[in-house]
Amino acid sequence: MGGGFRVLHLVRPFLAILPEVQSADRKIPFREKVIYTVISLFIFLVCSQLPLYGIHSTTGADPFYWMRAILASNRGTVMELGITPIVTSGLVMQLLTGSKIIEVDNNVREDRALLNGAQKLLGILIAFGEAVAYVVSGMYGSTDQLGIGNSFIIILQLCAAGIIVICLDELLQKGYGLGSGISLFIATNICESVIWKAFSPTTINSGRGAEFEGAVIALFHLLLTRTDKVRALREAFYRQNLPNVTNLLATILIFLIVTYLQGFRVVLPVRSKNARGQQGSYPIKLFYTSNMPIILHSALITNLYFISQLLYKRYGGNFLVNLLGIWKESEYSGHSIPVGGLAYYVTAPSSLADAAANPFHALFYVVFMLSVCALFSKTWIEVSGSSARDVAKQLKEQQMVMPGHRESNLQKELNRYIPTAAAFGGVCIGALTVLADFMGAIGSGTGILLAVTIIYQYFETFEKEKASELGFFGF
């Protein structure tokens, strides 16, 4: 036993008290999986609308505004933390095991249980730490106003919600539902935002008078109330600071492009060494690492935003702090936006006109986005066990070989495709994100890319489940 195992053994005393969902002891029918998935989603959505008890205020600029969409969180509710604890703990454990800092033998049942327990324990600790930080930092009013009792109740609510999210994700992952809770909650949150901004009946007072927030509702309202129909159409398509029809069409276009590109893959033929005539294939997708480059990029940027805002509030006159980011509140949304420093240059230009007016900003953003996504994609295959070396090892364990190639050359042959697919796929994901941002897609380029890739994964899961059963929904 190595040192890595001793680290995992520290989790043993906590296994008995950690909440756990038992693995399914039978094959769950597709219909039941759909029901479990819908129930999990319903619980999450209820928590996203349930206001926190004991808070004094959630007014003022939201320092976590940039993270809300991809972390499925909702300000002032028990789902304030969203999926942050489980995503952070998952990424940390993936990096630790992938880099062999913690040695895990996935063939040993106890190791798998200890790793799962360690990830869960870390997630709960992160939820507690973030809950304390939120309360102490004055997110809900000063601690003097809240008092010890209310502060404790708020922390308890946020921790309980974090545990609920962890359990819901585990429920789906262990075969009771479809996909994972993380993917389901991210996609739902982003799709909800897109649908709301397209069809919201809320009226907003702008400089042009009362307007509907929803782009589609605003289109029909303008056509019905304005005598000059051409001007009404122009306003519906190009109005500023509110969702417009052009934004909606850009969102649909990006959705179609990503869906189309998901089908691009290189299929490598493989055959069994033992069973003669048994042929198979190993597909290498264009998006080999799926949406991981975007998730990692988002985590990097949102942490930069958070640290930069905290420092700017306290030490706004410091040169190094200003180099990291200069912030101001938007007069339209009330959110803090970067207007200078590194935080500004890694933020997408608000429109094509803004990109044309500030070409250096646009160029820096494009180069940064493409480079970081390619780097994260190549790094991820090494730490997640999907590199050419890992795939070659898996195929050898399954007694599979590539026709026309020696078994010893399997890794070399895979090396021709996998690193290239990872890097190029990362660049493509980054380029599509940039395109979505420049075109003004609703929900940001990052959000749209995450939603589309997750929805496509669910579509593939549905197809596999339906193929394994007779009839639709198990009927």
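Cβ from N, Cα, C; glycine included.
Annotation comment: TrEMBL describes 33-55, 121-140, 146-168, 175-196, 248-268, 294-312, 362-381, 417-435, 441-459 as transmembrane segment. The annotation domain 'Translocon Sec61/SecY plug' is assigned in TrEMBL to 42-76.
The transmembrane segment (294-312) and the transmembrane segment (248-268) are not in contact, since fewer than 3 Cβ pairs between them lie under 8 Å (pairs 6 or more apart in sequence).
Using a Cβ-Cβ cut-off under 8 Å and counting only residues 6 or more beyond its ends in the same chain, the transmembrane segment (121-140) has close neighbours at 11, 14, 18, 52, 54-58, 80-81, 84-86, 88-90, 92-93, 146, 151, 154-155, 158-159, 161-163, 166.
For the transmembrane segment (362-381), the list of distant contacts is 288-289, 292-294, 296-297, 300, 345-349, 354-356, 387, 418-419, 422-427, 429-431, 433-434, 438: same-chain residues at least six beyond its ends, Cβ to Cβ under 8 Å. Restricting the average to the domain 'Translocon Sec61/SecY plug' (42-76) gives a pLDDT of 79.
Proximity of distant same-chain residues to the transmembrane segment (248-268), defined by a Cβ-Cβ separation under 8 Å and at least 6 residues beyond the stretch ends, is recorded for 194, 197-198, 215-216, 281-287, 402, 413-414, 417, 421, 428, 432, 435-436, 439-443, 445, 448-449, 452-453, 456. Counting residues 6+ beyond its ends, the transmembrane segment (33-55) has Cβ neighbours under 8 Å at 72, 74, 76-80, 140-141, 146, 149-151, 153-154, 157-158, 161, 164-165, 168, 171-172, 176-179, 181, 184-185, 188-189, 465, 473 in the same chain. Tertiary proximity for the transmembrane segment (441-459) is limited to same-chain residues at least six positions away from its ends with a CB under 8 Å from its CB atoms, namely 69-70, 178-179, 183-184, 186-187, 190-191, 193-194, 197-198, 215, 243, 247-248, 250-251, 254-255, 258-259, 262, 287, 290-291, 294-295, 297-298, 348, 429, 432-435.
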